[in-house]
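Here the structure comes first, spelled out in structure tokens, and everything after it is commentary.
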Amino acid sequence: MAQFYSAKRRVTTRQIITVKVNDLDSFGQGVARHNGKALFIPGLLPEESAEVIITEDKKQFARARVSRRLNDSPERETPRCPHFGVCGGCQQQHVGIDLQQRSKSAALARLMKHEVNDIIAGAPWGYRRRARLSLNCPPDKPLQMGFRKAGSSDIVNVEQCPVLAPQLAALLPRIRACLASLHGTRHLGHVELVQAGSGTLMILRHTAPLSAADKEKLERFSHSEGLSLFLAPFSEILETVSGEAPWYDSHGLRLAFSPRDFIQVNEAVNQQMVARALEWLDVRAEDRVLDLFCGMGNFTLPLATRAASVVGVEGVPALVEKGRENAIRNGLHNVTFFHENLEEDVTKQPWAKNGFDKVLLDPARAGATGVMRHIIKLKPIRIVYVSCNPATLARDSEALVNAGYEVTRLAMLDMFPHTGHLESMVLFERM
């Protein structure tokens, strides 16, 4: 009879070892060396020694947790948030901001095989102008409102959040009190807060109809707090209760948006990012510029203030329409927006027949692997690639380098201080 054996699991002895950390990865984990391989230890910083317990032992690397820290790095900070270490929102509040930026820049430089020329950053606290807080009301218990625990669907009841814009952070206890007073608390899903140029927005998701009394209470609350309130009974429906249509500023232009539309979370970094893109592209009065994955025009419209003509291309029809409206609202008549499948050959479209001098693209995390060959066909002089995923950026960059482009500028965008998120932008020039 045949006998079957399962593969042996690599068993760790759980022994305590003493190590010294010599590096910090972009996720805020300390990196030491043990048995000839990298050992990742959350919570430790470079120059710190600790007694640690191995929790995972792989062929190429291992992981450990701290049993006892033996000394403190001069770059260690006291976390400002009482929920740090439990809430999944921030991972690096114990790390000095300079060290955070250096470690992210080093990780980006390794991936791109190019030095980081610029760090684009704003204030490390109070920067987040958008947040979604989960809501839950267990039977016979108070309403829970907060963010998810790290690695869990459980909610951390958040009383304060130092990375939120101050206007939003100040609202948290009053929003909690208002929502807890409703009769339909068990039907509340989440609340989104946005600090726009037009003021504060509150979007309340609920899974069953709210009573007239609850709606009236919410409307009174919105008026007393001076915020715009929107109800979302279903995923595709948005009901305006109070307030005006929101807008935000991009390089001196006013961009209207729907409360659910994507806008960059960090306003200060977004403003610098747009300005740097214009500078790197060296947009001139005679240029034709193409903006791919353009959204509602965050880059497109500022580009149109300098270029002869700009084409914005986006895969979401509602954002294309919003871009057109924003162009009209800002008196820009040299910009056109088109809805296209960006995986298809955009060079065959009528609007591309005259070519483009400069190209900007700002894709989602999946990157733009299907788009690169079409960009190469256009033979632009300069390309700026804005990325929220350094791995896909490095992959897509290879296509441009192989086609004769060279990385001439690389910037790390510190869009999300105290987290492991790493964003960047690159300038490619045709050689």
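Every residue gets a Cβ built from N, Cα and C, even glycine.
DSSP places the residues of the domain 'TRAM' (10-68) in helix, strand and coil in these numbers: 0 helix, 36 strand, 23 coil. For 10-68, the entry in Swiss-Prot reads domain 'TRAM'.
The [4Fe-4S] cluster binding site feature in Swiss-Prot is assigned to Cys81, Cys87, Cys90, Cys161. The number of other Cβ atoms within 10 Å of the Cβ belonging to Cys90 ([4Fe-4S] cluster binding site), over all protein chains shown, comes to 24.
Reduced to three states, the DSSP call for Phe293 (S-adenosyl-L-methionine binding site) is coil. Marked as S-adenosyl-L-methionine binding site by Swiss-Prot on the basis of sequence analysis: Gln264, Phe293, Asn298, Glu314, Asn341, Asp362.
What Swiss-Prot records for Cys388 is active site, nucleophile, and it gives sequence analysis as the kind of evidence. Around Cys388 (active site, nucleophile), taking its Cβ as the centre, 19 other Cβ atoms fall within 10 Å, counting all chains.
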What is the number of other Cβ atoms found within 10 Å of the Cβ of Cys81 ([4Fe-4S] cluster binding site)? 19
What is the interatomic distance between the Cα atoms of Cys388 (active site, nucleophile) and Asp362 (S-adenosyl-L-methionine binding site), given in whole Å? 8
Near Phe293 (S-adenosyl-L-methionine binding site), which residues of its own chain have a C-beta under 8 A away, given they sit six or more steps off in sequence? Val313, Glu314, Gly315, Leu342, Leu361, Asp362, Pro363, Ala364, Ala368
Under a criterion of Cβ-Cβ distance under 8 Å and sequence separation of at least 6, what residues of the same chain contact Cys161 ([4Fe-4S] cluster binding site)? Cys81, His83, Gly89, Arg128, Ala131, Phe147, Leu168, Ala169, Leu172
Please identify, from the binding-site residues Asn298, Asn341, the residue with the sparsest Cβ neighbourhood, meaning fewest other Cβ atoms within 10 angstroms. Asn341
What are the other residues, in sequence order, whose C-beta lies within 8 angstroms of the center of the C-beta atoms of Cys81, Cys87, Cys90, Cys161 at the [4Fe-4S] cluster site? His83, Phe84, Gly89, Gln93, Phe147, Val158, Pro162, Val163, His418
